[in-house]
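Visitor: Please read through the structure below; I'll follow up with questions.
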């Protein structure tokens, strides 16, 4: 059952905005920062700084957020604003562009009665002061909230039970022979009259051997058939009522208005450069303030790198060191970048896909660089890999691009799978396959040529990164032979015979291959988001059809007689628990 209410004013030129049921907000930003960044992204770029600030301040005042302007929204480790304030903030973000039509999906869900009242009161203020039409679905509003509605649209099983002024709904139900008791919330009364979702349960209770024991339960609830019949009666009565006639007249009048257009407030009015700088700044601030985004990972990386450095400390160039160096390089290129699964900022229609991807990469680059450089320098100097500035710089760049490749790969996976847990599972499996074909667990020349060698190992970023790391460390070094007195073994010989690494190309080509794979992942991420953006209307249409198909199978959706059957009349009424006379006989 749903109640849709409208608080409206008539405008000739229409544009619309939509507030979702879930609050999609960055918990690390303050209320004012959130509104300011949204304004910079969505409002025209020719606005001056003072004009932009005036709009932001006006929106904050309009939604009653003055007391929490500088408070953080809050997340898993930051205490933030209340649920009602979050909802009002979500509404504030949508009214920045001054839409004449504002749609909301259950704005009071999850809120206490006081918070729900203030949210709806704020919506009423938005409608009255800003001359906007507000349309919202809402579940079980309190009597105080119900009193704020201008119009009421009562639905049951996809059928219209009532549409008209909210204050006239009580009169409509009374005329139908189902008056609302004086001490009951009108919305509760309406929903209990038409909600037949529990029909089968009531029928089972009444027909079971425990009928006498459950008589008290059946006395306070409408029976299955009676509820369905009451709903059918109300639907039938509404179709021939003055309220339906008034609605048809209004629709006819609106349809005859010339030049009436509904414009969707999508996209951004800001320039591409303005979008890039704003998104980059916002993302960077979010990453700085969110401990779990990068700081925790940086700490883990440094701790693990110290562990690796102590295990392989001063590894040397003896005979056994050649395999130990390979094992250490394999661990760094494989297992350490396995931890590189970062967070993903939300993407909406307020900015382009391309600028979103670029801004996310730019804002994350300093953190990735710090994480990879600190890790590489600690391990490189403790293990005593091939000395020299160029060798250390290459090790840092190799690890940086490897981590960036994993993050780009995980973004592609996140764009495809529906939730975070599935992304973790699929991502772990994918990275496991990359590790298996990187050339450490089995040498590259020994991989089966069909599929695993060609093409998997060639599109495997870890394979190229590991080859480059081996070349960077071993070329130019000499290792002791197995037996004393024999000539030393050059690093090139170890690479080709023991580790199966080809020396046909330079280590810098290996690094370039990793960079090319990163670009490919980012482009694939862009294509997937674009396809999802275009496919979303089609998916919604298919989902709507399937939902309607399933609804038609429910008892509450089936066509019923408009007149109740006496055989199924309940012994007591809806209001019997209140000690009032029954309106249903």
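Even glycines carry a Cβ here, placed using N, Cα and C.
Annotations for this protein, taken from TrEMBL, read as follows:
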{"type": "COMPBIAS", "residues": "572-585", "note": "compositional bias 'Polar residues'"}
{"type": "DOMAIN", "residues": "17-109", "note": "domain 'ABC transporter'"}
{"type": "DOMAIN", "residues": "139-194", "note": "domain 'ABC transporter family G'"}
{"type": "DOMAIN", "residues": "275-472", "note": "domain 'ABC-2 type transporter transmembrane'"}
{"type": "REGION", "residues": "554-585", "note": "region 'Disordered'"}
{"type": "TRANSMEM", "residues": "294-315", "note": "transmembrane segment"}
{"type": "TRANSMEM", "residues": "327-347", "note": "transmembrane segment"}
{"type": "TRANSMEM", "residues": "353-380", "note": "transmembrane segment"}
{"type": "TRANSMEM", "residues": "392-414", "note": "transmembrane segment"}
{"type": "TRANSMEM", "residues": "420-444", "note": "transmembrane segment"}
{"type": "TRANSMEM", "residues": "508-529", "note": "transmembrane segment"}
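Walk me through where these features lie, including what they touch and how far apart they are.
Guide: Each residue in the domain 'ABC transporter' (17-109) gets a DSSP state, and the totals come to 44 helix, 10 strand, 39 coil.
When pLDDT is averaged over the domain 'ABC transporter family G' (139-194), the result is 88.
Non-local neighbours of the transmembrane segment (294-315) in the same chain are 287, 321, 324-325, 327-328, 331-332, 336, 339-340, 342, 364, 367, 370-371, 374-376, 378-379, 381-384; each lies 6+ residues outside the stretch with a CB under 8 Å from one of its CB atoms.
For the transmembrane segment (392-414), the residues of the chain that approach it from at least six positions outside its boundaries are 332-333, 336-338, 340-342, 344, 364, 368-369, 371-373, 375-377, 380-381, 385, 420, 423, 426-427, 430-431, 461-462, 465, 468-469, 472, 507, 511, 514-515, 517-518, 521-522, 524-525, 528, judged by C-beta separation under 8 angstroms.
Sequence-distant contacts of the transmembrane segment (508-529) (same chain, six or more residues past either end, CB-CB distance under 8 Å): 347, 353-354, 357, 361, 394, 397-398, 401-402, 404-405, 408-409, 411-412, 415-416, 459, 461, 464-465, 467-468, 471.
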Visitor: DSSP says what for the domain 'ABC transporter family G' (139-194): how many helix, strand, coil residues?
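Guide: With helix first, then strand, then coil, the domain 'ABC transporter family G' (139-194) has 23 helix, 13 strand, 20 coil.
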